[in-house]
Amino acid sequence: MTKPRLVARAIDALRRGWPVTIDGLALLAIETADEGRLAAFDPERGADILLSAPRAATLKLGNQRDAAGNDPVRVARTGWLDLDVAAALADPARDLSTPLKGPFRAVALAMPEAARAAMKLARLAGLMPAFFVAEATADETVALAAADIAGYDDPARLALVSRARLPVAVAEDAEIVAFRSADEAVEHVALLIGQPNGAAPLVRIHSECLTGDVLGSLKCDCGPQLDAALRAIAGAGWGILLYLRQEGRGIGLINKLRAYALQDQGFDTVDANLRLGFAIDERDFGVAARMLRLLGQDRVRLLTNNPAKVAGLAAAGIEVVERVAHKAGENTHNHGYLATKRDKTGHLL
Ligand SMILES: Nc1nc2c(ncn2[C@@H]2O[C@H](COP(=O)(O)OP(=O)(O)OP(=O)(O)O)[C@@H](O)[C@H]2O)c(=O)[nH]1
Ligand SMILES: [Zn+2]
C-alpha cells in the first residue's frame, strides 16, 4: 500500500525548503535551501550532493560505478563545497559565467532506488533535481518510501469527475470532460467534438504550453497546432482533444522557462533539458490512454508527428489505427526548435 499523502507532503516540504527522507536517505533541495536550513540539516557539514545523471554528465561528473549512466551521482562534500558551490552545481544558468571549482569526487550510491525517487520528487515539485544528501538522523522530516513516489502519478488513479456542454468556436455542440487524479493536484481535460459514429475518433494529445497556447509564443508550434487540431477534429465530424497538464514536456513551467534561458545561451531544446538534469521528455502518455478508456474509446486516429505518443498509447492498450500528420505554425523563431525535434527526438516532420 503506497502512501500518496506522504508524497504530497514531501512535495510541499521541498518547495518550502524543508528536508524529506526517502528510505532513510535525508534530502534537502539545493534550490530552496538557505544558509540557516542547510546548517540545521547538516550541522557537521558532512552531507554530500546528489545530482541527476544528465546533470552530472553535463558537469563531467559521471558515475564510474553505473555503466549505463542512468543513476543519480553522489558527489562528496568537501569543506569548500558550500551553498554557493552547490547552487552552481544545481543550476545550469551559471555554467557559462562561473567556471566550476573542483575537483569533485563521486562516491558510491548506497541506495540508488531512493536516489532515483528523489529525482522524480524534484520534478513533481517543479524544482531542479539536485539535493544535499545525508543518512537520516533528523526525526522531524517527512519520511516516505521510494515506492510511494513511484506509484504517485499512476494513471490508473485518474477518474472522470465532471462533464458539461461547452460551445467552442469550431463546434457549438462540443462537450468538456474533466479528470482528476486521486493524488496529484493536476486536472486534465478532454474536449469531445461531434457525435460518435462508430468509427475511431480523430484524437489530438496536446501537452500544456502556457507560452504557446495562451501568449502566442513563436518559440514553439503549440498554439497553431492546438488551433489546427480543433479545426481538424471538427472537420472530421467526431473526435477528441486531450489537453494534458504536462507543461514543458513534464518538467513544469518554471523549469521550461529555465530551459528557454539556456536556449538564449545557444543550447537547443534537447540539450537544455539535459543540462537542467531532466530527461529529454518526461511525459507519460499512459494518462492519455486512461482518459480515452474512461471515455469508452480504445481505437483512435492520432494527430501527431511524435512516434512516442503512438508508442505510449499502444503500450497502454489503445490501438492507433492511423497516425495523421499534424504540422502547423512554422515561423522564423521556431525553425531551429522544429529541426531539433526532427533530428534528435524522431519527430516525423
Ligand atoms: N522542456 C521544454 N518543453 C518545451 C519546449 N518547447 C515546448 N515545450 C513543451 O513541449 C510540449 C509540446 O507538446 P506537443 O505539441 O503535445 O507534442 P510534441 O512532442 O511536439 O508532438 P506532436 O504531437 O508531434 O506535436 C508542451 O508541453 C510544451 O510546453 C522546450 O524548449 N523545452
Ligand atoms: Zn509550446
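Note that the numbers count up from 1, one per residue, in the order the chain is shown.
Just so it is clear, glycine is given a Cβ too, placed from its N, Cα and C backbone atoms.
Per TrEMBL, domain 'GTP cyclohydrolase II' is recorded for 163-324.
Spatially close to THR304 (GTP binding site) yet at least six residues away along the chain are ARG204, ILE205, VAL310, ARG323, VAL324, HIS326, judged by Cβ distances under 8 angstroms. Residues annotated as GTP binding site in TrEMBL: ARG204, ILE205, HIS206, SER207, GLU208, GLN225, GLU247, GLY248, ARG249, THR269, THR304, LYS309.
DSSP assigns CYS222 (Zn(2+) binding site) to a helix in the three-state reduction. Look at TrEMBL and you will find CYS209, CYS220, CYS222 tagged as Zn(2+) binding site.
Secondary structure from DSSP puts ASP281 (active site, proton acceptor) in coil. Within 10 Å of the Cβ of ASP281 (active site, proton acceptor) there are 17 other Cβ atoms, across all protein chains. Sequence annotations record features per position, and here TrEMBL assigns active site, proton acceptor to ASP281.
Sequence annotations record features per position, and here TrEMBL assigns active site, nucleophile to ARG283. Around ARG283 (active site, nucleophile), the C-beta neighbours below 8 angstroms that are at least 6 residues distant in the chain are SER207, LEU244, GLN246, ARG249, GLY250, ALA308, GLY312.
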_Candidates CYS220, CYS222, ASP281 (recorded positions) - the one closest to HIS206 (GTP binding site) by CA_ = CYS222
_Of ARG204, ASP281, ARG283, recorded positions neighbouring ligand 1, Cβ under 6 A_ = none
*If you check the recorded positions ARG204, HIS206, GLU247, ARG249, ASP281, THR304 one by one, which have a CB less than 6 Å away from any atom of ligand 2?*
none
*asked:* Using a Cβ cut-off under 8 Å and a sequence separation of 6 or more, which residues in the same chain sit near GLU208 (GTP binding site)?
replied: TYR243, LEU244, ARG245, GLN246, GLU247
